[in-house]
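As given in TrEMBL:
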- 38-48: compositional bias 'Basic residues' (COMPBIAS)
- 56-73: compositional bias 'Basic and acidic residues' (COMPBIAS)
- 77-86: compositional bias 'Polar residues' (COMPBIAS)
- 105-516: domain 'Major facilitator superfamily (MFS) profile' (DOMAIN)
- 38-86: region 'Disordered' (REGION)
- 174-198: transmembrane segment (TRANSMEM)
- 233-252: transmembrane segment (TRANSMEM)
- 264-282: transmembrane segment (TRANSMEM)
- 326-348: transmembrane segment (TRANSMEM)
- 368-389: transmembrane segment (TRANSMEM)
- 428-448: transmembrane segment (TRANSMEM)
- 460-484: transmembrane segment (TRANSMEM)
- 490-512: transmembrane segment (TRANSMEM)
Amino acid sequence: MARLTLRPNNRLFSSPLQTHNHPFLSLSLYTITPPSFPHHHNPLKSRVKCSASGTERVRESKKLPKSPIKEDLPNPGSDSKALSTETGIEQNWPPWKNIPERYKLIGATSLAFVICNMDKVNLSIAIIPMSHQFGWSSSVAGLVQSSFFWGYALSQLPGGWLSKIFGGRKVLEIGVFTWSFATALVPLLAGFMPGLIFSRILVGIGEGVSPSAATDLIARHYRTIPVGERSRAVGFVFGGLSLGSVLGLLLAPPIIQTFNWESVFYLFGLLGIGWFIGFQFLGEEEVSHRGGDETTTSHKPENTTREELGNSLKEIPWKSFFKSSAVWAMIYTHFCGSWGHYTCLSWLPTYFSEALSLNLRDAAWVSILPPLASIFVTSLASQFADYLISNGVETTTVRKICQTIAFLAPAICMTLSSVDIGLPPWEIAGILTAGLALSSFALSGLYCTHQDISPEYASILLGITNTVGAVPGIVGVALTGFLLDSTHSWTMSLFAPSIFFYLTGTVVWLAFASSKPQKFTKDHDS
């Protein structure tokens, strides 16, 4: 604390404006000493609180000859940072600066899923010219497309486990970089089948850890994202998949026709690498789970030894998971939904091209319609689910309603499309679009249940169900190509298996699903 004797002829306090122009002085109390007269022996001294830099400047000024006060004061612009700190005035730029970090992370995660499905569907379009160039049969094309799901299935449980230990953010950014780099490798390895399959497996590994990482991000904010808003949060994040499918199917055909099929892999891979770089500049705030407690932290994983990783794996109550009928219901339901989703995602462009006699551009445009409609349905479904929960409807009931719609709607529409009643191609496309779009109700059904029953283990539960859910990508996509070669029937190869799993999945979900919170502990494993 510096003490200075201030006189009325001191220009420092000649006007309030001058005081504000010199932020290095913070005035706590001052009185001005009257002019010194012989009979006045009790001058009052002023008390002024100075910052360190201000004190040094005052000391320097004592060494200089007396001059106007402007020589004793700092450049007003030199302490702009101090002005911002001491007066509490902060610049609100960029516009998203004051948005809570959790919303930024959710938005960035949704964008990652946009790129995720762009890199997933690009092969379903490029497979047509690639098959012509390399002379692949439907069985070989199905093998190439299904290889993605080998890596996707293998990475589900590790993704959930790593997300719980290191946080979903770190796992997500590594996953995005991995699949983006592998996507750019596809054209370089396309002529060498083992290399091509390896690159697609690598894409699957990168994308496979992402659902669990995203679930972990949302679950770590379960205090700030209550159950009445969870459907919208999950719908917004995973809704990026539908938008990614739209953009991928929309952009891939003109890129292929204007340049070549190789260019679509280079461009889409570059988008993911750009996301990875931009994500490094995003701040971070997560909630760490420790049993029933949670703390908000700036999540920076510390160095973890191999022994600690092994112990953390042993601490997961695996047996307790598989003793729950609700978990088994989620597993089978995820399998059934994935069968219809992955087989249609991989084969619909070819179906529209061959069965409905549409050219590549028209087939791609028609293939856009289901994911495009899904964007609207996802928003509607999440609002519908949160409205019911906020108005007192039991969460389990809401999840069952949404998942039932997600299964019965496509089953009915596929049945109508597979029956030969003389419908023109565009009506068949419209019916399939409606059914597949309504399947997005699953984002407010099955995909919310992992967090409903256990926020702490949500990422691992999704890893379990998504591992089984990836099997249709491996078996179903390849089996569809094999059945197509054998039967030459789209009804028997594509639609009939999907209808079967949609119907049986509905029965199992209604009978055993539950969203009631469950306590999974190691005590139950003994």
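From the backbone N, Cα and C atoms, a Cβ is placed for every residue, glycine too.
Remember, predicted model here, so these are calculated numbers, not experimental data.
Non-local neighbours of the transmembrane segment (460-484) in the same chain are 138-143, 145-146, 148-150, 152-153, 156-161, 164, 208, 211-212, 215, 316, 321, 327, 330-335, 337-339, 342-343, 346-347, 446-447, 450, 453-454, 490, 492-494, 497, 501; each lies 6+ residues outside the stretch with a CB under 8 Å from one of its CB atoms.
At the 8 Å Cβ cutoff, the transmembrane segment (264-282) and the transmembrane segment (174-198) share at least 3 close pairs (sequence separation 6 or more) and count as touching. Note on the transmembrane segment (368-389): residues 117, 227-232, 234-236, 238-239, 241-246, 249-250, 344, 348, 395, 397-399, 401-402, 405, 429-430, 432-434, 436-441, 443-445, 448 of its chain, located 6 or more positions outside it, place their CB under 8 angstroms from a CB of the stretch.
Among residues of the same chain six or more beyond the transmembrane segment (233-252), those with a C-beta under 8 A of the stretch's C-beta atoms are 106-107, 109-122, 124-126, 211, 214, 217-218, 225, 264, 268, 345, 349, 364-365, 367-368, 370-372, 374-375, 378-379, 381-382, 440, 443-444, 447-448, 451.
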